[in-house]
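S.K.: This is the structure, below, for whatever I ask next.
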Amino acid sequence: MRYADPSANRDLLGNRTLLFIFICAFALVTLLQQILYSKSYIKRGFQFGWQRGDQQANWTGLFNDSDSPTEQNITGSSSRYFEFYKEPLEFNSTRCLELRQEILEVKVLSMVKQSELFERWKSLQICKWAMDTAEASLFKSTLSRCCNAPSFLFTTQKNTPVETNLRYEVESSGLYHIDQEIFKMFPKEMPYYRSQFKKCAVVGNGGILKNSGCGKEINSADFVFRCNLPPISGIYTTDVGEKTDVVTVNPSIIIDRFHKLEKWRRPFFSVLQRYENASVLLPAFYNVRNTLVSFRVKYMLDDFQSRQPVYFFHPQYLSSVSRYWLSLGVRARRISTGLILVTAALELCEEVHLFGFWAFPMNPSGFFITHHYYDNVKPKPGFHAMPSEIFTFLRMHSRGILRVHTGTCNCC
């Protein structure tokens with residue numbers, strides 16, 4: 001005879017009970033981690049964009065350590081938890097100094113997750129950027145000693161006399177002999193001098209510019225640098241502006257899209273006309289491959305009786321700039337044209353603003369963006385160190401040396 005076990009259908013600390021206990025424990029641990037480690041809840045919290053005209057709110061837990069006069073707490077019991085800002089905080093306010101330090105304490109990009117860097121950067125946007133004159137002057141003095149853009153940014157008759165054997169930047173064993181014909185292509189001396197322009201805009205081509213509405217602010221700058229013949233007319237003008245004082249041309253564009261200017265030249269001439277009287281800047285002495293095609297741009301504009309000046313980077317300047325940024329941790333086979341222009345702008349301008357510089361697939365709010373504002377073509381991997389360059393710019397922004405624009409603009 002078989003006897004039934006009266007406890008057979010009971011779940012006394014059985015599988016279901018253990019599973020329930022495990023789920024509860026996991027949830028509790030997760031909650032504790034959020035409370036203890038997530039700065040989103042205690043330190044920086046949720047914030048709303050100034051561009052939409054909303055108030056800024058910081059979840060501050062049970063403390064308020066800010067002494068800025070622009071901050072006002074909500075009345076009532078909730079004032080212990082929320083802190084609202086009706087306008088941006090001063091860059092040197094106590095709260096902003098803390099937020100700036102949170103960027104600066106990250107020495108290398110690999111120290112934090114990308115999402116954490118974005119969060120710190122978003123938090124800093126409640127602060128109204130202001131140039132730190134002492135920091136900027138110190139940084140510019142180091143550039144003056146190492147690179148000296150006012151003397152060596154372009155190849156000139158003054159810094160490269162006739163009969164000079166000019167050494168290429170990359171192919172260090174190669175020399176280019178400067179004869180009388182080539183010498184005549186160079187300007188007599190640098191057309192710009194130190195701190196000549198009050199406010200400069202260096203415009204990159206990043207997808208972060210799309211739908212930014214920054215065109216008017218870019219156009220309001222005293223001097224505007226652009227990289228590699230980007231589109232600026234039609235649907236793009238609202239976001240990127242159209243004012244251009246210097247535009248660089250990568251010779252690979254001429255080689256791939258315009259057949260080295262060996263046949264038809266008018267299509268390329270038409271492209272340059274979109275930049276009106278902007279100076280055209282080429283790396284003719286980067287390597288042997290670039291030289292002849294760069295010279296052809298000068299010949300072409302002369303043939304069409306264009307007034308657009310054509311300048312060539314001085315290879316000594318390019319080498320010096322590369323060594324300088326390498327010493328600051330930017331390691332790449334070649335630094336980007338954008339970084340070269342930013343370096344030059346810091347010497348030629350009192351105040352430097354960057355637009356379109358972003359090297360991540362998402363914007364600071366976590367939304368996917370295209371690589372460029374006009375297409376989504378990715379660069380060859382391993383050639384530039386764009387994330388490292390952008391990270392360096394964010395640190396320079398935090399130090400008050402230059403300003404990086406990554407949001408929408410409300411200028412003018």
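Positions of Cβ are set from backbone N, Cα and C atoms, glycine also.
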S.K.: Where Swiss-Prot shows Asn250, Pro251, Ser252, Ser336, Thr337, Gly338 binding substrate, which of Asn228, Asn363 is named for the same site?
M.R.: Asn228
S.K.: From the disulfide entries in Swiss-Prot, identify which of Cys214, Cys227, Cys349 pairs with Cys409.
M.R.: Cys214
S.K.: What residue among Asn15, Asn58 has an entry for N-linked glycosylation site in Swiss-Prot?
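M.R.: Annotated as N-linked glycosylation site in Swiss-Prot: Asn58.
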S.K.: For the disulfide involving Cys200, grab the partner from Cys24, Cys96, Cys349 as Swiss-Prot records it.
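M.R.: Answer per Swiss-Prot: Cys349.
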S.K.: Helix, strand or coil: which one is Thr337 (substrate binding site) in, per DSSP?
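M.R.: For Thr337 (substrate binding site) - judged by DSSP and reduced to three states - the answer is helix.
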S.K.: I'm trying to understand the geometry here, so how far is the Cα atom of Pro251 (substrate binding site) from the Cα atom of Asn277 (N-linked glycosylation site), in Å to the nearest whole number?
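M.R.: Distance between the two Cα atoms comes out at 20 Å.
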S.K.: For the disulfide-bonded residues Cys200, Cys214, Cys349, Cys409, which one has the sparsest Cβ surroundings, going by other Cβ atoms within 10 Å?
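M.R.: Among the disulfide-bonded residues Cys200, Cys214, Cys349, Cys409, the lowest count of other Cβ atoms within 10 Å belongs to Cys409.
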S.K.: Compare the Cα of Ser252 (substrate binding site) against each of the recorded positions Asn92, Cys200, Cys214, Asn277, Cys349 and report the nearest.
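M.R.: Answer for the nearest of the recorded positions: Asn277.
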S.K.: Where the distance is taken from Cα to Cα, which of the recorded positions Asn250, Gly338, Cys409 turns out closest to Asn277 (N-linked glycosylation site)?
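M.R.: Checking each of Asn250, Gly338, Cys409 against Asn277 (N-linked glycosylation site), the shortest Cα distance is to Asn250.
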